[in-house]
Amino acid sequence: METERMPKIQNISCHKIINSRGEWTLRTRVLLDDGSVGIQTIPEGASKGKREAVYIPVQEAIDKISTLINETLKGEDPFDQGRIDRLLVEVDGTPNKKHLGGNSILSVSLAVCQAAAVSRKQLLYKYLADLYGNKKEEFTFPTPVFNVFNGGKHADNGLSFQEFMLIPAGRVPFDESLEMAVNIYHNLERVLKKNGFGTEVGDEGGFAPEGLTPHSALDFLQEAASENYKVGDKIFFGIDAAADSFKRIITYSIDEEALHLSSVGLADYYSDLVNNYPIIYLEDPFQENDHKGWARFFEMQGRNLMIVGDDLVVTNPRVLERIIPKKLNNAVVVKPNQVGTLTETLEFIRMAKEAGMMINVSHRSGDTAEDTFIADLAVAVGADFIKSGAPARGERVAKYNRLLEIFLHEQDRLDM
């Protein structure tokens, strides 16, 4: 009896497309010899950790994907994700993927995964769950984290902190969370207009008027949210400070409030905000190498709120391994493009969960509307949160809409 032949990678091609910031990025296509196709576009951040995988120029990436990477992976088993990613890392040969480029490697890694899911006739999140080892019969859904005020490197408005976020209570079903975010987003637009502020938006769809301070942003959020919901019960707030962007040589400078603070002073500033607003989430509160600042603040507030590492850990298992014993954070952001392969991303998530940390799967500020991979990933690994910007702009809502589709399908309310 003839055994069924397993499909192999037949060809890998790539071309450039435009992302949400009007910049070029990659669109990679993996073809298997059974006709299955996987396609992946690649996001890029404006605010980057110093230890992230290195991106190379787009045309150079296209050339390397079409030649060296294509030749390396042709004939390989697409279902052996670990081997695919190992080969990519070995051919690159650098600790930060600067030879082949983190953008080249990730686009191929994820496109191979997509093609394998198509070949298996599995929905992507279910295929990813198998890869990750999630054996649960029912999927849990991440709480969406909506960035409704943009500042820092995501907007040119003088607001030091990068993101001010709405976080529905964990007990709120996903579809209701979306409804809440849309309502508050429109309330916030009215509140800003009423107070004489503009309603222009930043890279991630959040409002980005000039003249805001952290306190006024939180006051406006409170006013907008309390129109329909009980703040501190059904809806909470979060901040991504992205402190590296306002760290000076000695101090942290919150220029819009004329503050120049030491790590101790900044910790006190955050504590004051946490005491006066329903803030449950604080991301990158200190510069990534200011471990004393992180440790002191974690000791002060680690039992009261999520202290979240993004630039601190850059989705890299080796970096996280060094951070865990230092007790600096109790949650992490997951951005596959920071580390460059799916295998390393899944390893990072496992390691963080084993250390008792919460997981927030995240987009990047330069993104495309066709890329919804992180939505499937968040469901597959049982992430606690997902962050994809405001409930506005096509490349942001694409991820939320994909999650809604999965949510309805899992409730037998939608065929897929």
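Just so it is clear, glycine is given a Cβ too, placed from its N, Cα and C backbone atoms.
TrEMBL labels come from automatic prediction, so no person has curated them.
On a predicted model such as this, the values are computed, not experimentally measured, just so you know.
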Residue in Lys126, Lys193, Lys194, Lys387 which TrEMBL records at the substrate site where His154, Glu163, Glu283, Asp310, Ser362, His363, Arg364, Ser365 also bind: Lys387
One of Gln114, Gln122, Gln162, Gln222 listed by TrEMBL as binding (2R)-2-phosphoglycerate at the site of Lys335, Arg364, Ser365, Lys387: Gln162
Of Asp233, Asp240, Asp244, Asp367, residue recorded by TrEMBL at the Mg(2+) site of Glu283, Asp310: Asp240
Residue distribution over DSSP helix, strand and coil in the domain 'Enolase N-terminal' (9-128): 52 helix, 25 strand, 43 coil
Mapped DSSP class for His154 (substrate binding site), helix or strand or coil: helix
Alpha-carbon distance [Lys335 ((2R)-2-phosphoglycerate binding site); Glu283 (substrate binding site)] in Å: 14
His154, Glu204, Asp240, Ser362, Arg364 filtered to the recorded positions whose C-alpha is within 10 Å of Lys335 ((2R)-2-phosphoglycerate binding site): Ser362, Arg364
Binding-site residues clustered about Glu204 (active site, proton donor) [Cα within 10 Å; pool: Asp240, Ser362, Ser365]: Ser365
Alpha-carbon spacing, Asp310 (Mg(2+) binding site) to Lys387 (substrate binding site), which is rounded to whole Å: 12
Euclidean distance between Cα atoms of Gln162 ((2R)-2-phosphoglycerate binding site) and Lys387 (substrate binding site), Å: 13
